[in-house]
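Pulled from Swiss-Prot:
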DOMAIN    30-204  domain 'EngB-type G'
BINDING   38-45, 64-68, 82-85, 149-152, 182-185  GTP binding site
BINDING   45, 66  Mg(2+) binding site
């Protein structure tokens, strides 16, 4: 299937910009930024790599490898940000606390941050970390879109049932401000829907000529 979303070309030319250990090392706070967050082993790096058609984000058999804010440029004004993964038991507590402080500082200060993509493993959705991110997004009036990753690990019927269940739980606890979809990196499931969300947040219009 040929995807025609206007964000597709930009994602395909994404390039690594820099890694930041703290907010004052981030790029200039201007333009459009979309951040990707998720508990360790939720498939965040794989999702980013699939969306950009590249191996930009580091994947590892050891969850929790992303320890920095990693910025990827789409053009002069637009960026994707890979946030630190959380929850892996082998990461020392002091390092976890360090990540948490700098994540909170980033989320609370970036004027250019236009939306947050939250990855949830469809087999283990709505973890404590996910609930914290949902609470923060609603309190901060930050648009959030959830990818239920690894949807290929379930049958389509089971995946759809989980989607509806999580959707209902989110609507009950947080209202209609959060959108959600199924996603699979290896099967390339849900790409068009995710691209549409990114294009909207980054204020891209479909410039395809009328037929």
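Our numbering is plain: 1 for the first residue shown, then up by one each step along the chain.
Every residue, even glycine, has its Cβ placed from backbone N, Cα and C.
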Looking only at 38, 85, which of these binding-site residues has the biggest number of Cβ atoms within 10 Å around its Cβ? 38
Would you mind ranking the binding-site residues 42, 68, 185 by how many other Cβ atoms sit within 10 Å of each Cβ and giving me the lowest? 68
Across the domain 'EngB-type G' (30-204), what does the mean pLDDT come to, as a whole number? 89
Tell me the Cα distance separating residue 45 (Mg(2+) binding site) from residue 68 (GTP binding site), rounded to the nearest angstrom. 13
Please list residues from the chain of residue 152 (GTP binding site) whose Cβ is under 8 angstroms from its Cβ, counting only those at least six apart in sequence. 184, 186, 187, 189
C-alpha spacing of residue 45 (Mg(2+) binding site) relative to residue 185 (GTP binding site), in angstrom: 10
